[in-house]
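Asker: Take a look at this one; I'll ask things after.
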Amino acid sequence: METQRASLCLGRWSLWLLLLALVVPSASAQALSYREAVLRAVDRLNEQSSEANLYRLLELDQPPKADEDPGTPKPVSFTVKETVCPRPTRQPPELCDFKENGRVKQCVGTVTLDQIKDPLDITCNEVQGVRGGRLCYCRRRFCVCVGRG
């Protein structure tokens, strides 16, 4: 009788451990990388924009220190540039060439790396020519920045 109880208890623990092992990897698989979270923010910017063309990530500032909790809002700073793709095409911005003399916007705010939670708090302001002592020249998909920085 004692052996049956021990066996039943062991079976329950084994089942719990198996379920835990199945749940933990799927939770971590839902976390985005810092860059993916920023690209999601750019997509949201394009969805909410009333401008004619899509914007694409031009420059991503350094990510913050590593934080194990994907649900914690992380500060973010990045630059986007107008592309040649019209917004209604719904083409991925990464496949669009930058528009010559297109608008450039500096964006700051917070993102989370959790795919389930989706709080984004991003504000973008248009930049005029020089940013932080640097001037960037962009041709199609490539940009060269000169100056300090």
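Heads up, the Cβ atoms here are built off N, Cα and C, so glycines get one too.
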Asker: Which candidate, Cys107, Cys136, Cys138, does Swiss-Prot give as the disulfide partner of Cys124?
Answerer: Cys107
Asker: Distance between Cys96 (disulfide bond) and Cys107 (disulfide bond) at the Cα atoms, whole Å?
Answerer: 20
